[in-house]
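> Handing you a structure now.
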Amino acid sequence: MSAVMTTIRVFDTTLRDGEQMPGVSLPLEYKIRIAKQLDKLGVDVIEAGFPSATKGEFESVKEISSLSLNAEICGLARIVKEDIDAAINANVDMVHIFVPTSRIQIEHTVKMSKEEIIEKSVECVEYIKSHGVKCMFSAMDATRTEVEYLKQIFKAVENAKVDIVNVPDTVGVATPFKFYELIKQLREHLKVPIDVHCHNDFGLAVANTYAAVMAGANEVQVTVNGIGERAGNADLAQVVMILHAIEGIKTNIKTEHLFETSKLVERLTGVKMPPNHPIVGENAFSHESGIHAHGVLKEYSTFEPGVVTPEMVGHKRRIVIGKHAGRYQIKKILEEAGYHLDDEKLNQIFEKVKEMGDKGKRVTDLDLFAIAEVVIGELKREEKAILVDEVTVLTGNKITPTAVLNAEVFGHRKVTSAIGVGPVDASLKAVTSLVGESIRITEFRMDAITGGSDALAEVYVTVEDDEGHSFTSRGAAQDIVMASIDAVINAVNYLLRMKRRKS
């Protein structure tokens with residue numbers, strides 16, 4: 001095995017390659033928020049964009065460069081003087097130049113011979129270095145490039161004083177064993193640091209990145225949530241936690257910020273992560289099966305990796321109710337919410353949960369509490385903290401979406417209003433403002449459960465208070481605004497009732 005680096009640098013390309021994901025286009029405000037979050041996370045390099053691509057791209061890279069972040073700011077450029085000048089004029093710390101090196105890429109994308117490519121690459125490296133700026137050189141499509149030519153061009157730019165070379169698996173065709181051998185050969189041939197950039201076309205981006213580190217790579221290119229061209233890139237959280245938790249290899253990443261970073265990028269890009277996404281997915285530390293949940297409640301490492309905990313990545317462990325749930329986990333969840341039951345009532349609740357699950361229904365926290373209250377005879381309208389009598393929503397192409405709610409809150413009449421980016425957002429903000437406590441919506445999901453323009457909408461929301469208590473609730477109606485309001489109010493009511501039970 002090659003000498004593995006004790007500390008690996010993290011090069012994040014969410015704002016460049018990540019934004020190249022179809023359907024993703026980030027305004028400057030969002031790019032700045034993501035850049036600041038990446039800096040908080042501790043990435044070593046932020047590739048802020050491709051400055052020569054558009055005027056807006058140039059301005060965004062320049063703006064991010066002016067933020068005085070701890071991370072180095074990098075701009076992408078072809079081996080073209082105009083591209084390089086644009087990056088330098090955007091005040092980046094590093095210019096990342098690239099050129100095709102595989103036979104298929106050379107034949108179809110550049111009008112130069114192999115020798116001319118080397119000559120031009122060296123010229124560009126020297127030009128960048130003469131301006132006092134760092135330089136990264138990428139041999140595009142490296143994994144389909146003849147190894148000897150790859151060694152030749154990398155050695156040439158190394159002699160020109162390039163700061164780091166990048167080995168990109170541009171079309172995701174590398175496999176871990178082959179990529180390990182390639183990086184090992186290059187590591188033995190070069191003195192300059194090696195960086196890798198892996199695409200996920202065959203689902204191997206993370207594995208290939210890991211293999212490269214074990215072969216002696218110094219730096220890894222990643223994106224938050226693995227977003228990027230086609231099937232995406234190596235996922236930041238997965239790569240970092242494999243290195244940290246499994247191999248004991250250090251990075252400068254503050255892992256407790258991984259989950260919040262994932263959620264921010266998910267929200268700003270509009271790219272929803274699947275719940276089973278490793279490390280940062282909603283279900284990454286969730287347990288429904290009775291056997292698993294029972295074990296985790298006794299000792300978390302029975303059915304979790306153990307070397308990584310939700311706290312390490314800023315996540316939370318969840319015990320979820322469903323048809324696979326066991327009596328023990330149902331009892332624990334109810335006890336934590338202030339419900340104390342004898343065995344007979346617990347068995348009744350257990351059977352009703354199983355019955356709902358067998359009918360294909362998702363059993364939310366509030367479903368469980370409602371079942372419990374029916375069984376023990378406590379479900380009363382007057383116990384609800386919020387009773388909404390009237391909802392008025394205004395929206396339009398020239399009207400700021402506004403919601404007005406007339407409600408009874410803890411027995412007192414209250415009228416409140418809020419504005420939002422849309423009618424649902426405005427309505428949910430109005431609901432949360434009804435309660436004089438810190439309550440926020442951490443998850444919102446909507447599905448159409450019938451067809452047609454008058455489809456029945458089903459909304460799931462998760463609300464959380466400042467003490468970390470959270471509940472998931474559902475609402476259903478033909479009006480998506482009302483479905484959303486119902487779901488949030490149900491969750492808030494039970495959150496407040498749970499607090500009263502515990503007080």
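In case you wondered, yes, glycine gets a Cβ from its N, Cα and C as well.
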> Can you tell which of N159, N218, N225, N233 Swiss-Prot lists as binding divalent metal cation with D17, H197, H199?
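Answer, per Swiss-Prot (divalent metal cation site with D17, H197, H199), from N159, N218, N225, N233: N233.
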> Within a 10 Å radius of its Cβ, which of these binding-site residues (H197, H199) has the fewest neighbouring Cβ atoms?
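Looking at the binding-site residues H197, H199, the Cβ with the fewest others within 10 Å is that of H199.
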> Whose Cβ, among the binding-site residues D17, N233, has more other Cβ atoms within 10 Å than any of the rest?
N233
> Could you tell me which three-state DSSP class H199 (divalent metal cation binding site) falls into?
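Reduced to three states, the DSSP call for H199 (divalent metal cation binding site) is strand.
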> So which other residues, same chain and not among D17, H197, H199, N233, have a Cβ within 8 Å of the centroid of the Cβ atoms at the divalent metal cation site?
T13, P168, D169, T170, C198, N200, A205, Q221, T223, G228, E229, G232, A234
> When DSSP states are folded down to helix, strand and coil, where does N233 (divalent metal cation binding site) land?
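Reduced to three states, the DSSP call for N233 (divalent metal cation binding site) is strand.
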